[in-house]
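Structure, as structure tokens:
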């Protein structure tokens, strides 16, 4: 893609079978855990987007040998820990990457300075830095811990920490810091969030104890853990699969299958919600890959209706609300999405940008402080807008999907950032029959 915009135009049905790109969360973690481990870690199916590649480069900065051996195939030679980097660690746009890396780095007697692109530098890091500081790490940076900042680690104390918000990133940062904390750590999670870190720590040889106490998850990582290199097969990313699948639901006559999608119940809230809206979504060929359940998902054009999305479902679909809002724009009735204030501190204020983009395309949207309501008419929205994405890849892809089924074309201003999570997005959609061209 070039610096030009990108335009999607309504056309005929979408048909075909595609494979979802590797899961972004697991790709980040495979790099970080591989660098922390002793010995060789091999990865297949890695998402080779800009965010994950920034994490790979960061691991090199901390002393790991990281090499690409083929498309999606990588080898990490870990040293059993992190060394002090000789230069600033630039994490690009990778919010997951920088938060998890800071947690891992806090366990070692080193000093590291982190920065990122303009979007990442605007995002607060205090939610991760606060528990790390309670464990004994120190940091120096801007208001609310915004990048750039310098972190000094080592000599960490154990910690029992109750998450003040549902955040897998904060949980993971504490667990990674706890690998080298005296006394280990316990994270108390009032609302369940994605559990990839717990699963992958076990795969690398760590003891992780998870208990449900009255509906509250307690995750304990005893002291003295050692990680050993392993093989990771990265499943398809459900957050990325959402885009071609929703396209299949809203473009008349379409049938789209996405193969190899991870079906972890803490990541599939969108699919549950779409089915409640009346979507024809069929999951088949369910199997296990590297400790995660995966399957193939087929979406057929559907006449959907509005629903009230339970706020407690938000952690299982927090990145999918923009594309859910697109589906809701074609549904009949109101789709109510509340309890999603976390969207305001993602790569952009996703509540505001989703509402603004849909309204520009003729959709009636009611924005609230902690969510929004889409008033669907059951008809294709007008479209015809140039949507400002503010550098947010999910806002960009969501509105391009809308344009494939709207009454007239929809353009977005900055397609380049789509590569952070879904390199090949435009090519995949064209392969299914979608009309995407430079604007």
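Heads up, the Cβ atoms here are built off N, Cα and C, so glycines get one too.
Taken from Swiss-Prot, the feature active site, proton acceptor applies to 319. Annotation source Swiss-Prot lists phosphoenolpyruvate binding site at 24, 95, 123, 169, 350, 394, citing sequence analysis. Per Swiss-Prot, 3-phosphoshikimate binding site is recorded for 24, 25, 29, 167, 169, 319, 346, and the stated evidence type is sequence analysis. For 1-23, the entry in Swiss-Prot reads region 'Disordered'.
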Which ones are near residue 350 (phosphoenolpyruvate binding site): of the recorded positions 25, 29, 167, 319, which have a Cα within 10 Å?
319
Measuring Cα to Cα across 24, 25, 29, 167, 169, 319, 346, which the record gives as the 3-phosphoshikimate binders, how far apart are the two most distant ones in Å?
19
Counting across all protein chains present, how many other Cβ atoms fall within 10 Å of the Cβ of residue 24 (phosphoenolpyruvate binding site)?
25
Measuring Cα to Cα, how many angstrom lie between residue 319 (active site, proton acceptor) and residue 25 (3-phosphoshikimate binding site)?
12
For the region 'Disordered' (1-23), jot down how many residues DSSP puts in helix, in strand and in coil.
0 helix, 10 strand, 13 coil
Cα-Cα separation of residue 24 (phosphoenolpyruvate binding site) and residue 167 (3-phosphoshikimate binding site), in Å?
16
If you measure residue 29 (3-phosphoshikimate binding site) to residue 169 (phosphoenolpyruvate binding site) at Cα, how many Å is it?
11
If you count Cβ atoms within 10 Å of each one, which of the binding-site residues 346, 394 comes out on top?
394
Which one of these binding-site residues, 25, 167, 169, has the sparsest Cβ neighbourhood, judged by other Cβ atoms within 10 angstroms?
167
Which one is it, among the binding-site residues 25, 167, 346, that lies nearest to residue 95 (phosphoenolpyruvate binding site) by Cα separation?
346
For residue 123 (phosphoenolpyruvate binding site): intrachain residues, at least 6 apart, with Cβ closer than 8 Å:
95, 146, 147, 345, 346, 347
Counting across all protein chains present, how many other Cβ atoms fall within 10 Å of the Cβ of residue 29 (3-phosphoshikimate binding site)?
26
How long is the line from the C-alpha of residue 394 (phosphoenolpyruvate binding site) to the C-alpha of residue 25 (3-phosphoshikimate binding site), rounded to the nearest angstrom?
15
Measure the Cβ-based neighbour count of residue 319 (active site, proton acceptor), defined as the other Cβ atoms within 10 Å of its Cβ.
22
So of 95, 350, which of the binding-site residues has the fewest other Cβ atoms within 10 Å around its own Cβ?
95
